[in-house]
Structures are given as structure tokens and as C-alpha cells.
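Pulled from TrEMBL, these are the features on record:
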- 27-44: transmembrane segment (TRANSMEM)
- 56-84: transmembrane segment (TRANSMEM)
- 105-127: transmembrane segment (TRANSMEM)
- 139-160: transmembrane segment (TRANSMEM)
- 172-193: transmembrane segment (TRANSMEM)
- 199-217: transmembrane segment (TRANSMEM)
- 392-412: transmembrane segment (TRANSMEM)
- 418-434: transmembrane segment (TRANSMEM)
- 446-469: transmembrane segment (TRANSMEM)
- 481-501: transmembrane segment (TRANSMEM)
Amino acid sequence: MLFGGNRMKEPQVKYQGSKRRIAKNTLLLYVRQVLILVVSLYTSRVVLNTLGVDDFGIYSLVGSFVAMFGVISGAFVVAITRYISFAMGEGDLEKLINLYSTTMWMQILMGGGIFLLILGAGVYYVTSVMVLPAGRIEATLYVLVFSAVSFYINLLSVPYNALIVAHERMQAFAYIALVEVLLKLAVVVVLPLLVYDKLIVYGLLTVVASLFVRWLYMSYCRRNFTECEFRRHIDWPLLKDMMKFVQWAFLGNGAVVLKEQGISIILNLFLGTGINAARGLANSVNGAVMSFTQNFIQAVQPQITKLYSSGQTAAMCNLICVSSRMSFYMMLLLSLPVIKQIDYILELWLGLVPEFTNIFIVLTLVDSMVNSLSQPLLYGTLAEGKIKVYEILLTATYLASLPLSYILLAMGHSPVDIYILVIFLRILIQVFLIQQGSRYGMEFRYFSRQVFFYALPVAVLSGSGTYFLDIGSMEMGVVRFLLETSVIMAVTLLIIMTIGVKREERGAVLGILRSRLQKFFG
């Protein structure tokens, strides 16, 4: 039941059986992601038609402004998730209760400060910077307030989300996502029927829906997790330790945002708005593909932290290597059909395709494939807790991409070279992460033997097969698109199962498939 269940202290984490939980949780997160993706595509279209281009643009622009402050909240998310998972691995209930109360106080106070900052900076931005249609300043200010309230509500729910992830109760995410989907549909159904200013009403209804969803998360956690006991006491030594972690996580998160926005500005400076359209489309396609692989990574993260905190570092290193390979294979499996048929996809999707869009998408997907190999390593570093050196190196590397990008374009290089530069810097960051792994027992030779030895041959063979695949004289259309996609994914999956996994892993996968088929047909 969603709000039922025993409020029992969970036992100390054991490595046996964790892979089965990861597989189950990944599937549940996939269901959640598909629901959100499908409904988001539909509701965006309805809201655009209902609000009109100008009001939809206002809502999107204000939303983008508020989202910039997500750099701050993102650092808190990383810290809270890490500390809760760590405490659960130790099995100390009293520490978990103190941690919950301290993180709630931290979110209330810090979130309140960010909320006021958003309002202060936002009012100036709306009244002095934004170019708005006549008579829309008041409505825009309402949207700003509603967006800031939604931001604060979401910030307060971070400890609850972190608890659900740490307890690996991904079914809660799936169930509540279903409620969230129904609320979004209800909003777009009701919106055209209302006679008041639809931009203001949409902002208000969005806040109400967000508030109800966050109440569901809070209710679930308080009913199912004993540590959800709010106290007036703040554990100041713990808060001080967490704030040190937050400041370094904030440095890295800020560098990522500066890199992304900085490159966009530099490209615009040399090549105009058309190149930004191509970059935006590339990021959209990459985000859709990445959303599915991130579900797997999200299911793995709490296991990595719990294994470290319980002293099972050998099992943690093994899980990091396995999840690095699997996340890379998932990214490869989804990316290759897109890369092969990118021109047809863009023509079908857009009709009029901005220059460089196809190659930007291909290189962005390659960059994400490289990143998928290192993401579990990052969670290992976060579990270990000493992130200062890594965050400084990450920041220096990402900030270096800005002057280097400017120099390349000033010398007359193609914007494609900027993406190649970013991939090279991504590889450097991966090397940094592997070096950091030596702190918790992950040696470079071990990681290379467990990950690169399997992943690189799979990438070369499946990539070559995709490149040389030729259906023949069949005209490009939906049938050929589906046929090529099926062939590419089948061949890639065959290569992965043949040379990309160990014998025991192959046996485990085949065993799960066999049991599922027997249950289905039995």
C-alpha cells in the first residue's frame, strides 16, 4: 500500500540481492519516466494553444530565471541524499532522526533565503530587463511569485525524496508520479474553461498541484520511515559538516551551469541565434535519451553509499564497475539508432532543421556516453565524502572550456570543434574520478580491466555495425526507420551479451528472462 507498511528499522545493507533490487527499481523508474514524458509532451502543446505564444513565452522565461537558482538547491540535494544513505548504511536510527531534523531546518532556513533572493532579483528582472507585451507586467509578477513558491515547496521536499531513494522505495515515485500526471492533465482540461487571466490561473494551479504532490511525499515518508521525527534540536556539528560538503558541491554545480551557458553565449557571439537553436535541439534530444539511463543510475546510487558506510568497499567497487558498464550499454543501445537515423528523425520532427543540428546531436550523445562510464565513479567519490579536490579540478576544467572555445572560434574553427573539445575535457574528468577512486580502493588498473576491457570492444563493434548497416534499396520512411532501429538494437544487444558482460552476469540475466517467460506462459 502507498501509505501503509511497517515502520521498522531496516537492517544493515547486504550486497547479496542488491542487483535484483536495482533491476526492480530501474523498471519502476522507467515507468515513471515514460508517464511524465508522454504527458509533458501533450500538456505542453495544450498549454501553448491555450495561453498563446506570448504568454507561453513569458511563463517559460520566468521559469528559466527561477530554474537558475537550482544550482544552489542541487548542491543541497547531493548532500542530503549522500548523508541519509550513509547513515542508513551505518544502521544508526538516532543519527538518522537527527539528520532528518537537521536537514529539514537547513531547507527551511536556506530555502527561505533563496526564496527571498528569487523575489528580489526577479522583480528587478521583470520590471527592468524583460521585454514584455503591453499590459503584462502584473501577470508576469504573479507568475514570478507562483514559480518562487513552487521552487520553495520543492526544496522543502528534498529530504523526503532523499529518504525514498535511500530506502529504495521506488514504487512510491511511480505511484505518486501517476497522481502528478493526473493533476497535470486536470489543469490543462480546466484551464480553457476559465475566464480569468489564463496565465495567472495556470501559475496558481501549478502551485496547488505541486503542493499536493509534495504533501503526498511527506505523508508517505512519515507513515513508513521511523526517522521522520521532526525535532526542534539542530545537530550543529552535523550541519557544519554538511555545509562544507554543500559548498564544494555548489562549486561543481555552478561550474557545470557556467560551462553550458558560457558556450551558448560564445556560439551566439560568433554565429548568431541559429546556432543556439541547433544547440538547444541537441540538448533536448540528449535529455530525452539521458532521462532513461539516469533512472538506472538513480537506482544504483543509494546502494553505493550504503556499501561504503557499512565498510563493504570491495563490494562497492564491484558495483561501481558493473553499473558503469551497464549504464554505458544502456546509453549506447538508445543512442546508436538515433545517430544512424538522425537526419530522418529531424526531418520528421522539425521539417525545417537548423544548420549543425544533426552533428551537434551526435556529438552530444557521444559526450553523454563517455559521461555514463564515470557517473557511478562520482557516486563513489560522494560516498567517500572528500570531494574538495575533485570539485576544484572539475571547476577548473569546465571553466577552461570557455576561453578555449572562444579562441577556437576566433581562429576560424567550426563550432563542431567546440563539441570535440568538450568530449576531450569529459575524458580528463573521468581520469580525475578514477584517481579519486584510489581513496576507497578503486585502482585504475582494476577499473580498466573491469570496465574498459569490456566496454570499448562493444562500442567499436556495435558502432561499426551501425555505420555499415544498409537495408538496401528500401525508401526511407517509418517502416525502414523501425526496421533499422530493431536491427541496430538487436545486434548491439547480442554483442553486449556475447563480449560485454561476464559469464556469471550473462547467466543471471538469462535466468531472470527465463523465469519471467515461464511465469508469463506458465
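Backbone N, Cα and C define each Cβ position, glycine as well.
Because TrEMBL annotations are produced automatically, they should be read as predictions rather than curated entries.
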| note | Long-range CB partners for the transmembrane segment (446-469) (under 8 A, at least six residues beyond its ends), listed in sequence order, are 317-318, 320-322, 324-325, 328-329, 332, 336-337, 339-340, 369, 373, 377, 434, 437, 484, 487-488, 491-492, 495-496, 499-502
| request: Residue list, the transmembrane segment (199-217) vs rest of chain: Cβ under 8 Å, 6 or more residues beyond ends. | output: 47, 50-51, 55, 58-59, 136, 139, 142-143, 146-147, 149-150, 153-154, 156-157, 160-161, 164, 172, 176, 179-180, 183-184, 186-187, 190-191
| query | Would the transmembrane segment (139-160) count as touching the transmembrane segment (392-412), if touching means at least three Cβ pairs under 8 Å and pairs must be 6 or more apart in sequence? | reply | no
